[in-house]
Amino acid sequence: MTVTVRFAPSPTGRIHIGNARTALFNWLFAMKNGGRFVQRFDDTDIARSKQEYADAILYDLHWLGIFPDATEIQSRRFGRYDEVTEWMKAAGLLYACYETQEELELRRKIRLSRKLPPVYGREALKLTPEEREALEAEGRKPHWRFLLPNFKHDPFDTERTEIHWNDLVRGEETVDLASLSDPVLVREDGTYLYTLPSVVDDIDMGITHIIRGDDHVTNTGVQIALFRALGAEAPIFGHHNMLTTSGGEGLSKRTGALSISGLRESGIEPMAVASLAVLIGSSENVAAMPSMSELASHFDPAATSKSASKFDPDELIVLNRTLLHKMPFEQAQDRLSALGVSGDQAEAFWLAVRGNLDKLADAAGWWRIVRQGPEQTDELSEQDAEFVREALELLPEEPWDRETWKSWTNAVKEATGRKGKALFMPLRLALTGLASGPELADLLPLLGREGTLARRP
Ligand code: GLU
């Protein structure tokens with residue numbers, strides 16, 4: 001069977017680096033197993049879900065390098081969920097309940113005081129048709145619970161019923177269905193909670209592996225029971241740990257913390273985000289992976305920590321620099337061109353400046369310096385300005401290459417007696433307007449003799 005995974009966010013906000021972790025775990029898993037990646041939008045909460053968020057999520061995924069094989073939208077599948085619901089009701093797998101939250105809370109307290117586990121006691125199963133009618137006549141609407149298969153003959157006589165799964169990340173996991181309340185699958189107003197649509201989709205879409213955050217571990221027992229109740233074999237599950245801020249707080253789509261769009265806008269490279277999102281909390285050192293295939297070769301869900309990983313955004317800057325410092329011109333070319341960096345010199349320019357960039361867009365500033373001259377030129381003392389003028393007299397004739405800087409500064413050293421910083425710093429300031437930056441040996445041929453002389457202070 002073809003490995004098929006899905007990434008199933010609700011389109012209720014922009015995705016953040018924690019969501020990207022889930023998406024990337026799925027993508028890399030599919031990549032390593034020659035599988036398919038289904039993008040599923042869990043938009044059954046019509047009020048909070050928005051098309052613009054779904055579009056933005058797809059945009060963010062593409063930017064990260066994830067290209068789904070198919071896109072599915074739950075709100076187009078209500079008919080199917082209704083069909084399954086009716087079948088479950090008819091099969092006695094879904095039963096109507098009428099309790100209010102307050103009534104449930106009161107019962108829970110009573111059970112606790114009697115030292116009974118605080119699970120739902122299935123009282124609604126005892127209602128006669130007349131009692132149900134009376135409740136409905138009062139204006140109550142039923143919500144519907146899935147009767148968990150945790151008993152032999154009598155649902156009021158539950159017995160330990162273990163569900164096991166071998167988690168891709170966490171290893172052997174066991175849940176006792178008798179320790180759980182029958183989950184509500186359909187609310188009073190007829191809307192679906194996440195469980196039923198998710199399981200129905202996983203079955204219909206041939207999902208073989210469910211890889212998601214460990215905030216869903218507690219749902220897995222119920223979901224496996226539901227897969228079986230619907231006559232399907234449960235997929236393989238993998239629950240990765242969650243990312244938190246360095247302060248230990250969870251990330252939320254709503255607060256916009258560390259959103260992928262925000263990171264993109266601040267100039268972080270997609271592979272810096274992907275490398276950190278995947279490798280954090282793994283047995284691998286977090287290093288900048290230049291491509292998805294390279295990241296895939298370092299990806300191992302089984303080697304992921306089981307406790308939450310703290311995420312430090314400053315690490316992204318470090319990874320970003322590393323990626324830029326090694327980025328081939330072909331990869332940067334289009335974006336450079338959009339910044340106005342193009343033409344014969346573009347490649348040599350890129351190779352000269354990439355080692356000095358925090359963000360790719362910073363190349364534009366260096367391009368201006370190379371093409372138009374330094375932005376500020378008032379840093380030089382009169383004495384240094386005189387020295388620079390003297391040095392410019394000694395500029396060799398063209399053609400120039402990487403060696404020109406050395407031969408020129410050797411000649412200047414000999415003629416003026418200056419050396420070290422006293423020699424180089426005034427030249428750097430005169431040529432670039434800045435006290436630090438790319439190697440002057442690389443910049444000099446880009447300026448050319450004419451451009452260099454034009455910087456005469
Ligand atoms: N819509 C669910 C979520 O975003 C999907 C969970 C799952 O992957 O099963 O949490």
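Glycine too: its Cβ is placed from the backbone N, Cα and C atoms.
Source: prediction; values computed, not measured.
Annotated by TrEMBL as motif ''KMSKS' region', the relevant range among 160-164, 245-249, 250-254, 375-379 is 250-254. Checking the ranges 9-19, 75-85 against TrEMBL, the motif ''HIGH' region' annotation falls on 9-19. Averaged over the motif ''HIGH' region' (9-19), the predicted model reaches a pLDDT of 94.
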